[in-house]
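Student: Let me give you the structure first, and then I'll get to my questions.
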Amino acid sequence: MSAPDLLFVCLGNICRSTMAEQVARAQSADRALGLHIDSAGVSDWERGNPLDPRAAQCLSAHGYPVGGHRAHLVTDAELGSGLIIGMERSHLDDLASMGAPGDRLALITDFVPGDHADGLPDPWYGDMSDFEFTLKVIEAAMPAILDDAASLRR
């Protein structure tokens, strides 16, 4: 299996990274970029679990697909992805310790204006408004992320 062009990573792969994957797939398809996009977690705590129901509800309410996801730990092959987007600084640290090349790692909030030095907080601990905020940040960041992923693919 070849490495994705674009990989989104969070802790358990049931909320943020999967939400970003679905937004990226939709926006990439709209732009006919043809990118191979996936998501994974730096922990296997949620391995095999579906998308968090609140994340699914939020995505669905905004017209994004939600079916078929199963959480998984980032694989060695995925560490070779063209661009790897972490949701928090700690995820980038974990990915670097797993062997991901530093020049391929970025924080999702690097792609949105404002002071988000630590990244995108985990909505798992909150309510639906936290999932809505997460989606808003992901959607704002996605055009620039897709531009970078597409340019690296050339």
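Numbering starts at 1 and runs along the chain as it is shown here.
Every residue gets a Cβ built from N, Cα and C, even glycine.
Heads up, TrEMBL stuff is auto-annotated, nobody curated it.
Per TrEMBL, active site, nucleophile is recorded for Cys10. Residues or ranges marked as active site by TrEMBL: Arg16. Residues or ranges marked as active site, proton donor in TrEMBL: Asp122. Taken from TrEMBL, the feature domain 'Phosphotyrosine protein phosphatase I' covers 4-148.
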Student: Could you list the residues of the same chain, at least six apart in sequence, whose Cβ is under 8 A from the Cβ of the residue listed as 'active site'?
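Tutor: Same-chain residues close to the residue listed as 'active site' (Cβ under 8 Å, separated by 6 or more) are Phe8, Cys10, Met87, Ile108, Leu120, Asp122, Pro123, Thr134, Ile138.
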Student: Along the domain 'Phosphotyrosine protein phosphatase I' (4-148), what average pLDDT does this model show?
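Tutor: The predicted confidence over the domain 'Phosphotyrosine protein phosphatase I' (4-148), as a mean pLDDT, is 97.
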Student: Using CB atoms and a 10 A radius, I'd like the single residue among the active-site residues Cys10, Asp122 with the highest neighbour count.
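Tutor: Answer returned by the neighbour count: Cys10.
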Student: Count up the helix, strand and coil residues in the domain 'Phosphotyrosine protein phosphatase I' (4-148) according to DSSP, in that order.
Tutor: 68 helix, 20 strand, 57 coil
